[in-house]
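Comments concern the structure below.
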Amino acid sequence: VGFKAGVKDYKLTYYTPDYVTKDTDILAAFRVTPQPGVPPEEAGAAVAAESSTGTWTTVWTDGLTSLDRYKGRCYNIEPVAGEENQYICYVAYPLDLFEEGSVTNMFTSIVGNVFGFKALRALRLEDLRIPPAYSKTFQGPPHGIQVERDKLNKYGRPLLGCTIKPKLGLSAKNYGRAVYECLRGGLDFTKDDENVNSQPFMRWRDRFLFCAEAIFKSQAETGEIKGHYLNATAGTCEEMIKRAVFARELGAPIVMHDYLTGGFTANTSLAHYCRDNGLLLHIHRAMHAVIDRQKNHGMHFRVLAKALRLSGGDHIHAGTVVGKLEGERDITLGFVDLLRDDFVEKDRSRGIYFTQDWVSLPGVLPVASGGIHVWHMPALTEIFGDDSVLQFGGGTLGHPWGNAPGAVANRVALEACVQARNEGRDLAREGNDIIRDASKWSPELAAACEVWKEIKFEFEAMDTL
């Protein structure tokens, strides 16, 4: 019959070092730590097999299809410098293995069962190359950076936000008051915390109403367009869309979603709704560290960031480099560029394993949030540039005089940094002087500078190259 039963080495079929990758292939870079005694070729081939067409034994039905056409192939293996028995295995997947426009299906294949595979001690997906042939099947972000700036009429500077704290426990009316004070003081956005959905102390509909009132009142007073990220995340997709519909009916400019806990299917549905109805979409990455914080196992955040750009979102949290949460500078800037730019060159020093061409898929604004305050403003302005959202939760609400003065302090600091940069000053070197000079003209900023003059969160990053 030509069918030979039994178990054979994966590497006989799935390790193909001579393979020349196609422009339509999805390419993956895995950090593979094999069990002792398992050769790297076998481990790399096993990853390619188990995440595509393979199973543990030869099966009769293999003969009914063309495996050569559909199989994943491990086409290159390189040892990781400084690590014993660890390799970067490159795998190419034919495009036909994936459903069009479905991040869910892409991840089910590439990071599915294979991560529980016994022959591997650990496995981490470091990067994915999404070919234009596949990215073109996605809508992507509902609006993108340029359209958002046009909607908000704000140019030439980062946008300012603030997460309303305490994150849980406020009534809807008091929550709306906090939103109003921040927006009136000079912020562009305020934000629902990611855990605020619809709890007994504050149901979603009440919150939406009071926040809408805060938005329109502060807009009328300041003459600027304002927004509040209304968290539409819910227990079912239907409920989530219902909340987004209500936000649109109130005239709110932006809604929010927790894309990892909510799931990619829900996120893509919401992104489609947002584009059809002119809502911006803010994405929070709650749960990302469960997946991306271990260096040897899981998935790097740059992969989750690429997946979000496909699934759809106009903002996404991307670490701060300087605040209280994980993030190394070069690596963070690597995935920040992957979110914003049309074309990103391969650059291993920034953790970018593949050249990525997004072919005019709209960009996503990175959001810096978590333990940042006015003294960080020069560094943030320099590191993230204009196309970003800088979010100060405690750094606004913790101001000794209250929310509105806290917002004023942040806005004055930001405008001072942008002006200094435009005049050609070096923010990295002169940052503290720039803030000090500005605080002479702004008592609010001076008070903020005094409160946070010594606060730092300095720990070694877990996830290095």
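Backbone N, Cα and C define each Cβ position, glycine as well.
DSSP assigns Lys4 (N6,N6,N6-trimethyllysine) to coil, not to a helix or a strand. Residues or ranges marked as N6,N6,N6-trimethyllysine by Swiss-Prot on the basis of sequence analysis: Lys4.
According to DSSP, His317 (substrate binding site) is assigned to a strand segment. The substrate binding site annotation in Swiss-Prot covers Asn113, Thr163, Lys167, Arg285, His317, Ser369, and the record cites sequence analysis as its basis.
Note: Lys165 (active site, proton acceptor) has non-local neighbours Asp193, Gly393, Gly394, Leu397, i.e. same-chain residues 6+ apart with C-beta under 8 A of its own C-beta. Sequence annotations record features per position, and here Swiss-Prot assigns active site, proton acceptor to Lys165 (among others).
Per Swiss-Prot, the feature N6-carboxylysine maps to Lys191. Counted within 10 Å of its Cβ, the other Cβ atoms near Lys191 (N6-carboxylysine) come to 29, all protein chains included.
The DSSP secondary structure for Asp193 (Mg(2+) binding site) is coil. The Mg(2+) binding site annotation in Swiss-Prot covers Lys191, Asp193, Glu194 and is backed by sequence analysis.
Under DSSP, His284 (active site, proton acceptor) is assigned to a strand (E or B) in the three-state scheme. Residues near His284 (active site, proton acceptor) in space but far in sequence (CB under 8 A, at least 6 apart, same chain), listed by position: Glu194, Asn231, Met256, His257, Asp258, Tyr259, Ile316, His317. According to Swiss-Prot, the active site, proton acceptor annotation covers His284 (among others), on the basis of sequence analysis.
Sequence annotations record features per position, and here Swiss-Prot assigns site 'Transition state stabilizer' to Lys324.
According to DSSP, Asn113 (substrate binding site) sits within a helical segment. Of all the binding-site residues in the list Asn113, Thr163, Lys167, Arg285, the shortest Cα-Cα distance to Lys4 (N6,N6,N6-trimethyllysine) is found for Asn113. Neighbour counts of Cβ atoms within 10 Å were compared across the recorded positions Lys4, Lys167, Arg285, His317; the minimum falls on Lys4.
The Cβ of Asn113 (substrate binding site) lies under 8 Å from the Cβ of Glu50, Ser51, each of these being in the same chain and 6 or more residues away along the sequence.
Counting other Cβ atoms within 10 Å of each Cβ, the lowest count among the binding-site residues Asp193, Glu194 belongs to Asp193.
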